[in-house]
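Pulled from TrEMBL:
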- Arg79, Arg104, Asp131, Pro132, Met133, Leu134, Ala135, Thr136, Gly137, Asn138, Ser139, Asp201: 5-phospho-alpha-D-ribose 1-diphosphate binding site (BINDING)
- Ile195, Gly200, Asp201, Ala202: uracil binding site (BINDING)
- 7-209: domain 'Phosphoribosyltransferase' (DOMAIN)
Amino acid sequence: MSTLHLIDHPLVQHKLTLMRRKEASTNSFRRMLGELSTLMAYEITRDMPLSDIEIETPLETMTGKVIDGKKLVLVSILRAGNGFLDGMLNVVPGARIGHIGLYRDPETLKPVEYYFKMPENMSERDAIVVDPMLATGNSAVAAVQQLKDKCNPKSIKFMCLLAAPEGVKTLQAAHPDVDIYTAAVDRELNEHGYILPGLGDAGDRIFGTK
Ligand code: URA
């Protein structure tokens, strides 16, 4: 079974509470999401491999450690996943970006892919799939499945802001190899698939579409 990582750093929890408030403007919601994604990226990259590099300080030669940001790919589930990207790129500016677009078929209620674009050499890359809300888990499961089927990255992690217990269970059952990183696990889903207490529709709040 995969591990659920709860990022409970006080700065993350404080900003998340401000974002949940219905009074938060589009501007402040977006700004706080940017700040939160930087902080969460710091946690999710904690186990990134380092390699040795020989450098010259002003005084002598030494062996330092560097990470290869270019081997990392951030995979955004459209459209709300895009809200995570700029903040994460603050800490891993060399990361490549992939996009997966999915919509829910009104008849079957199953996720259908309408867009899939990844960088080259995916089998050499560690992927972080990002979507602010892990609600039913259906989109996350489908996105990870497409990623595995089409380009099989070296590793996959999933990062969200909020998760519902149902979504965590579904994703862990379908992809036990994918660790989940979240700032909170909320109480439940309502009958429309919204997380309670949640923060509403993340896409609408990021893009100001409602
Ligand atoms: N997607 C959202 O944007 N919000 C939810 O609460 C659930 C899914």
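Here, residue 1 is simply the first one shown, and the rest follow in order.
Glycine is treated like the rest: Cβ placed from N, Cα and C.
Curation does not apply to TrEMBL; its annotations are automatic.
Overlay of TrEMBL annotations on the structure.
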| residue | record | contacts (Cβ under 8 Å, 6+ apart) |
| --- | --- | --- |
| Arg79 | 5-phospho-alpha-D-ribose 1-diphosphate binding site | Gly101, Gly203, Phe207 |
| Asp131 | 5-phospho-alpha-D-ribose 1-diphosphate binding site | Ser76, Ile77, Ala80, Gly81, Ser139, Ala140, Ala143, Phe158, Cys160 |
| Met133 | 5-phospho-alpha-D-ribose 1-diphosphate binding site | Ala80, Cys160, Leu161, Leu162, Ala163, Ile195, Gly198, Ala202 |
| Ala135 | 5-phospho-alpha-D-ribose 1-diphosphate binding site | Ala164, Glu166, Gly167, Leu189, Gly193, Tyr194, Ile195 |
| Gly137 | 5-phospho-alpha-D-ribose 1-diphosphate binding site | Ala164, Glu166, Gly167, Val168, Lys169, Thr170, Leu171, Ala174 |
| Gly200 | uracil binding site | Lys22, Tyr194 |
| Asp201 | uracil binding site | Tyr194, Lys210 |
Same-chain shell around uracil excluding Ile195, Gly200, Asp201, Ala202, C-beta within 8 angstroms of the CB centroid, reads Pro132, Met133, Leu162, Tyr194, Gly198, Leu199, Gly203, Asp204, Arg205
Within 10 angstroms of the C-beta of Ser139 (5-phospho-alpha-D-ribose 1-diphosphate binding site), the count of other C-beta atoms across all shown chains comes to 24
Among the binding-site residues Arg79, Ala135, Gly137, the ones with a Cβ under 6 Å from any atom of ligand 1 are Ala135
Ser139 (5-phospho-alpha-D-ribose 1-diphosphate binding site) falls, by DSSP collapsed to helix, strand or coil, into helix
Cβ contacts within 10 Å for Ala202 (uracil binding site), all chains included, total 25
The number of other Cβ atoms within 10 Å of the Cβ of Ile195 (uracil binding site), counted over all protein chains shown, is 27
Taking every pair from Arg79, Arg104, Asp131, Pro132, Met133, Leu134, Ala135, Thr136, Gly137, Asn138, Ser139, Asp201, which the record gives as binding 5-phospho-alpha-D-ribose 1-diphosphate, the longest CA to CA distance in angstrom is 17
